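Down below is the structure, laid out as structure tokens.
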């Protein structure tokens, strides 16, 4: 491969679990998605997935106050320090236990981490390079159960920690004489949120049973007094518990100062200690229905409290009066995270049950952002012909369409009532066809966003595969229970023919890109080629060595690839029906061992195979994926493995490792096979009579890692895979590879710039493309005068025309010099059109990339022009209205003058008469 593909974006999932955070400016929301982090820009309506991943699902993310750093922690307590500017991982650290929450101090000098019943305060990483970026400062003991939430005072002097033991603890970040620790009760359930008032020690605490306590302090922040001596407070030993805590201290490290809180206040102090009193107590569940409060956030400047509930309802209250501003149901699943941006206008909500991410503007009562991924596995994907859109179908019965530029879903079709097994675009790019296990094939219109055709079979059948011919007129679907293939007309919606002959379930269908021939692979160990023009007869039958799982044509229609159950990929010539080669890919899959497997990965690999195949846009390479965490790229001509991509390193998925961890093995086998009878984690583990929580029937399972579908983009610059993790997009990274063409000693940047000074534009372009450095090529191209472009294009050697066209297509996508690059493209196509047409198969990806770039600019500019047109019309109408008004005023003025003259004349005449 000339270029290196690298992970570029994660689509299909927007939120899994953990806390949401807003960026410093409040215009972007940072969401943990599995073991990755996605950033959604709400102003520009784009998404980006950071090029980093943890070994387990992320549970909490802490942002520094300046918005430059983030600390990402996974389920095991492994942490990454990430720069949000360079998108690079700066430091790795392990807390050794699951972390519940993490929060930086407002001055950015410290951060607090809560794990188990301890709060650990670390020195925040600075601008200087350090050997250890995480230096433990103090360890705070106090709660008896797990700690749940943290908040800091505005001046970073104190922080508060909530716990599952229904208590809240206020700790001093420094050794204050009058506030070392303070314990607050008053609740009957787990503390969900605790918040300081702005510039004050006053507190609000919120518990899971829907209770809000308002605490008032008798001391201001300025009243905190620093202790003169730095001796550790001596506390009497309390038996075994104290010894256990001492052992924990040693594990944490010797450098951290330990502060132990007790329920009673510290005694023997000369200064007057800080004291709290409960000012008021409020209840959310006034109707009496039991509805758990699951998420809370507080915006200090506006005094607004946001609370989310298990029923999907959220409330907005103004504190401390507890006035209800707003209440709305946004989901039918529990709200797991809530966050408010810096201005207090936007509120972000995450619902892990459905994978929803919502941003709500409470003042205008409207959605700023509303996205939801497939909450079950994705089964298939398809690129639109211009590569702008990706359609996905999932086990949740939904068909979603994603914009590849923004990474966001812009339409969801919910007409299917069962799993969607396959989706595809027609050649026009405006119709999506989907097959489902509910017995229907549906066609969706992307202009009006509606289901305009529904195809069904005479007898109910579950459709497992789908294909649409090049013209978009014939729709075919294969049934997995009746072994038949159904053909419909797109125009009329009528069933044209039922093709019988297979003796097993039909697993895959594919139309030839150049002829009206349909290839069908089946479990009966055959691939049949059906002629659509000759009464739908079987043209050829290709015998396979094992059950056929996937079949695909090369883009030029001259080769057929088939994946079989024994892990082989065989290549066939469809004209002569002869096999031209094969690849034994079972060992390349490298399947893992599931936790509940009683056999080794080596044994289970015998039953694993490739389930999805796809040719690259130029037909030289083959993508293959299946029941494994690897995607393989093969060279078709050499029939050898070129590269393997590991699509995930997330150990929260099953079948990730070849060997099970020996620490999880007992004399009776794997610990995963032992039924522990654990509940759902909401309350007690085992249900007792009269207890509503802790259901034994709720099951926790680890999804198995697998690749369900693979597609190359028509532009040839990216490929996508639907996996257990989501829709992964891999793009070409041309900056990583130095790939010169026809390089010579004379070809240097100095010689290229010399040609530019001599105004020998053609020679400069040829030399730049021989050196093949992107920055230099762009410099040369943009130095050429606009009026010289036709002359340069005409004198360019044929071998460089295609290279220049591809480069222009890539530059046009991101450059602001729209007319300049459009002129290059127009002249190249006009002057060399006939020669390019003769090689249309080879340059098709380049032309599609050019079309995608032009279409993208057209869409953005047409919106801008329409907006400007309306503004101009409004301005013209306004000026006309003002002109009419002014003319009317002038007319009134003239009439008044005439009346005055008439009055004067009449008065003069009356005077004359009287005289």
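Glycine residues also receive a Cβ, built from the backbone N, Cα and C atoms like all the rest.
Given the ranges 199-227, 228-256, 257-285, 286-314, the record in TrEMBL names 228-256 as region 'Disordered'. With DSSP classes pooled into helix, strand and coil, the tally for the domain 'Small-subunit processome Utp12' (772-875) is 93 helix, 0 strand, 11 coil. Residue counts for the repeat 'WD' (184-216) under DSSP, helix first, then strand, then coil, are 0 helix, 18 strand, 15 coil. For the repeat 'WD' (371-412), the DSSP counts in helix, strand and coil order read 0 helix, 23 strand, 19 coil. Applying DSSP to the repeat 'WD' (499-532) sorts its residues as follows: 0 helix, 19 strand, 15 coil. DSSP labels the residues of the repeat 'WD' (413-454) in these numbers: 0 helix, 24 strand, 18 coil.
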